[in-house]
């Protein structure tokens, strides 16, 4: 066994090219596969960026190096110092001839999961051994695209003058008056894990921040057991002052469009590896009102009445009709939280919107109520006690500007971008009703 000592990686696998013929490199990673054929051994080393072939001919390396190569096992951690040799017959037009191989750590055998993807495994097995599962190139591709998604979103917000904030995740009461909260013991009191940063975002509008965003965990104690829901999720939230719901939708369009464009430019290998049918959307998305969506659903045989939230069957019907990215706007006020602003011409309809991808809701937003009296009235009308929202409501007494915002589900958006049909594929260590480990 060797320590890393004075060695440091000089290149990732994808950085080595045939034009480096004769150059010495140091590579580090996992043994993806090993073949020993008499006086010749082939070692495929895998790192974060891909794989690279090292050829170990007995007549060209010292005896110790050849013996080390023959005894390597799958997923051993190794470092190779060697020379690049151009070879048109090699998989990438070159190979690496080791000068020295250091075994940094051995992997036990047999492996509980095959990172080479030759042996398929069910998702529960893969999640149980997630540290091995994420060694698979296709799984890494999902999370590289997710990482680029988040980088792009932060850049767009920064370019548009937004301030990044962090809001509490330990709260005293429900954000939206719901019961789907995880209670925890907080010294002598009961507290809850935050289900949304909504109230804090609005309080910051009273503070004069104008434009804020947050990317953070939210927690919802909903007993869903579907491919679209998790109990711990990452939400991308924003709030803007002196705007209406149309401005908020335009900002959401910009964020989503830039994600597609940036991923196309910066992650072409991952797009190819996942065999994605990649298409950057138009800069503005189609829009359909809630009433029009209901009409579409009914025309396709779905039983639903105006004023009901869209059922799964209705979402599928509308998604089949609309396809791709589109907004559903002008929702019934009764279906939305108390802080949603009713339409001035018809209070039964509010200035809310959902961004959909086919049948999947990925974002929800609205123009908010900014008048104190109306907010108190809405809270009471929904059967809640305004006193429970005292610190929130106080922000509306002393100069709250008109404002709007939205929340975008990072995990669901990653599902869309990577064409996965299970949200758990897009979360490193998902938390659902059954899963609390690893």
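The backbone N, Cα and C atoms fix where each Cβ goes, glycine too.
Swiss-Prot lists 220, 221, 222, 228, 229, 230, 409, 410, 411, 412 as binding ATP, and of 272, 275, 361 the one it places in that same site is 361. Checked against Swiss-Prot, the range among 198-201, 202-205, 206-209 recorded as region 'Aspartate' is 198-201. Separation of the C-alpha atoms of residue 361 (ATP binding site) and residue 220 (L-aspartate binding site): 16 Å, rounded to the nearest whole number. The list of residues near the region 'Aspartate' (198-201) in space but at least 6 beyond its ends in sequence, with Cβ under 8 angstroms from a Cβ of it, reads 165, 167-168, 175-176, 212, 214, 237-239, 337, 339, 389, 392, 405, 407. For the binding-site residues 220, 229, 368, 412, the largest tally of other C-beta atoms within 10 A is found at 368.
All protein chains included, residue 364 (L-aspartate binding site) registers 18 other Cβ atoms within 10 Å of its own Cβ.
When the Cα atoms are compared, residue 222 (ATP binding site) and residue 364 (L-aspartate binding site) turn out to be 18 Å apart. Note on proximity: among 91, 364, 368, the recorded positions of the record, the Cα nearest residue 412 (ATP binding site) is that of 364. For the region 'Aspartate' (198-201), the DSSP-based tally of helix, strand and coil residues reads 4 helix, 0 strand, 0 coil.
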